[in-house]
Amino acid sequence: MVEVGYPLADEFSQGTPISTPCISVFSSREWWGFGPGRIWLDNVHCSGRERTLAQCKSNGFGVSDCKHSEDVGVVCNQRRIPGFKFISSFTNSVESLNVQIARIRTSSIYSQRKRVPITEGYLEVKDGGKWRQICDEEWTEMNNRVICGMYGFPGEKGYNTKVYKLLAKRRKKNYWDFGVNCTGNEASLHGCKLGHKVELKGNATCEKGMPVVVSCVPGRAFAPSYNQGFSKAYRVEQPLVRLRGGANTGDGRVEVLKNGEWGTVCDDSWNLKAASVVCRELGFGSAKEALAGGRLGQGMGPVHMNEVECSGFEKSLTECYFNRDALGCSHEEDAAVRCNVPAMGFQNKLRLSGGRNPFEGRVEVLAEKNDSLVWGTVCSDSWGTMEATVVCRQLGLGFASNAFQETWYWPGDVRADDVVMSGVRCSGTEMTLAQCLHHGKHLHCPRGGGRFAAGVSCSESAPDLVLNAQVVEHTTYLEDRPMYILQCANEEHCLSSSAATATPSSYRRLMRFSSQIHNNGQSDFRPRAAHNSWVWHDCHRHYHSMEVFTHYDLLSLNGTKVAEGHKASFCLEDTQCEEGTEKRYECANFGQQGITVGCWDTYRHDIDCQWIDVTDVVPGDYILQVVINPNYEVAESDYTNNIMKCRCRYDGHRIWTYNCHIGERR
């Protein structure tokens, strides 16, 4: 959010160079919420050459008819304009000397270069156009911790000093003329203070020490292997904390397990220290950002933690002080993080070709063929949303928007037409396409590559559907309904197979309940099917845009289906919305269908087909299971919350549902 302090207007007019070129401008309300205080600037027009915002044309300071719902924000490129010198609040910090992150590196020795990721090497900074080493005479473990964290590693470890001392004697040394003093909580070296100035005395510099060597411990998901890089699919295995709703590895809404139920963290007092504890706990480095205001989507269920305060050295977020009273906290305040992750080089092994923009195109993979690396296509047989999700994640392009099984409209590189990968099946948790199941060297692709190669389109945001479990629990009941008024429902396969031989005067026992489906994501949920392919349903008297939108099943306690699964089709519309959000979609009059962010679609218990036929079910204990978007037809930011389960008890006359919950419980 752009905020201007009016009392500083004179200072603005004096001018200092703008630190970074802006790459995006946003309506602030969607991203950072409403700003405080007065609105100082309105109708701002800049040529781009001004040194400060105050030099741009405007109505003048304090002259405005705007509301805070019109606040603007920006996202800036992390690369600073050449020649810019940052004036830090720490007058002796590393940042004040214009040492940028792009100018810090670890120079690994030969034996480490084959490993992915590189976890060990000499630390060097670029100053005055030259790479320089840092003397280790005053170097501390806290400094190592900061360096490892900024490179995506949760911890540091020792190294073979004999090897590096021997190499240091052979290398030409060019020392930086400052030491560094970190507390261990800094997000990067830039936040550390400068140590004592090093007296440069040629070969006699750093007589009692040697160049700094940093050795880091990678998280389990990034354990190095020779030549092959990462070998196993990434899965969060931490039992107490997890990330959800993030587009990239290391991003997500923070969720905590308490009393067997996952809940969120309120953003009151949320900061980089707490965020870094989460990141390191999950096997990443320090936090790049501590996000507030539900920036990475809103969760469901309880808010377990509020006003979290961490020292930064805790092993788990659960060890930090927090207020158990979350009164006043809503899911609009869910905290999230973006963590530093190691450089794995994944983006160099995959590309999109032929698309109209960098977010779409034919998928091309760098593969080994005849002892050389060549680019080739991926067979589109069984290609779907999960596979597209992994491609977008690997390329850092956000979420999958669509998966394509034909790409003739995207003319890729003809030299890459040959199929080099087939039989791809992904779970959606993998970090690279190579981690998914596939045929390996034994390719099988009847349709071939070229026009039938796999393609994707990616998006920076995605919807996230969540069923309201409490509504299901509170609205479940049994109804005995005569067959003669169920003919329409029977034709739409809403009854079990035994209904085919039932007489018109017989009754069917129906387990009815309401479905209230919320869109807690960051973009609207829209059906893939085009308007002209929607199907008219006589029972509901409207068009259905998704033929299989939910699965309703009654299971035994060991997971076996006892009532034939009913696949419900839906017309998608905004039944109700949160305050301040307008409805966009409605089913009437062949209208546009979808679910707006912040709205929900309700299928009431008294609508035809909003049931499970339990006529043939014997009394006992069961599990009611509802799955939304079961075929992953539409891409979402999080599929783990698409499933709801309830315990049920049926005595032959009545039915009780209890302990309804979203996702899996421990």
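Quick reminder: no glycine exception, Cβ is built from N, Cα and C everywhere.
Remember, it's a predicted structure, so these values are computed and weren't measured experimentally.
Cβ neighbours of C56 (disulfide bond) (same chain, under 8 Å, six or more residues apart in sequence): V44, H45, C46, S47, E50. Residues or ranges marked as disulfide bond by TrEMBL: C46-C56 (among others).
The feature disulfide bond is assigned by TrEMBL to C182-C192 (among others). Using a 10 Å Cβ-Cβ cutoff, C182 (disulfide bond) registers 23 neighbours.
Contacts of C310 (disulfide bond) defined by a Cβ separation under 8 A and a same-chain sequence distance of 6+ are given as K273, A274, V277, L317, C320, Y321, in order along the sequence. If you look up TrEMBL, you'll see C310-C320 (among others) marked as disulfide bond.
For C426-C436 (among others), the entry in TrEMBL reads disulfide bond. Cβ contacts within 10 Å of C426 (disulfide bond), excluding its own Cβ and spanning all protein chains shown: 22.
Per TrEMBL, domain 'SRCR' is recorded for 35-77 (among others).
Positions annotated as domain 'SRCR' by TrEMBL: 102-217 (among others).
Residues or ranges marked as domain 'SRCR' by TrEMBL: 241-340 (among others).
Under the heading domain 'SRCR', TrEMBL lists 350-459 (among others). Counting residues per DSSP class in helix, strand and coil order gives 19 helix, 40 strand, 51 coil for the domain 'SRCR' (350-459).
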If you measure between the CA atoms of C426 (disulfide bond) and C182 (disulfide bond) and round to the nearest Å, you get 42
Could you give the Cα-Cα distance between C182 (disulfide bond) and C436 (disulfide bond), in whole Å?
41
For the domain 'SRCR' (102-217), the number of residues DSSP places in helix, strand and coil
31 helix, 37 strand, 48 coil
If you draw a 10 Å sphere on the Cβ of C46 (disulfide bond), how many other Cβ atoms land inside?
12
Alpha-carbon distance [C192 (disulfide bond); C436 (disulfide bond)] in Å:
41
Lowest local Cβ density among C192, C436, which the record lists as disulfide-bonded residues, within 10 Å
C436
DSSP composition of the domain 'SRCR' (35-77), residue counts helix/strand/coil, works out to 6 helix, 7 strand, 30 coil
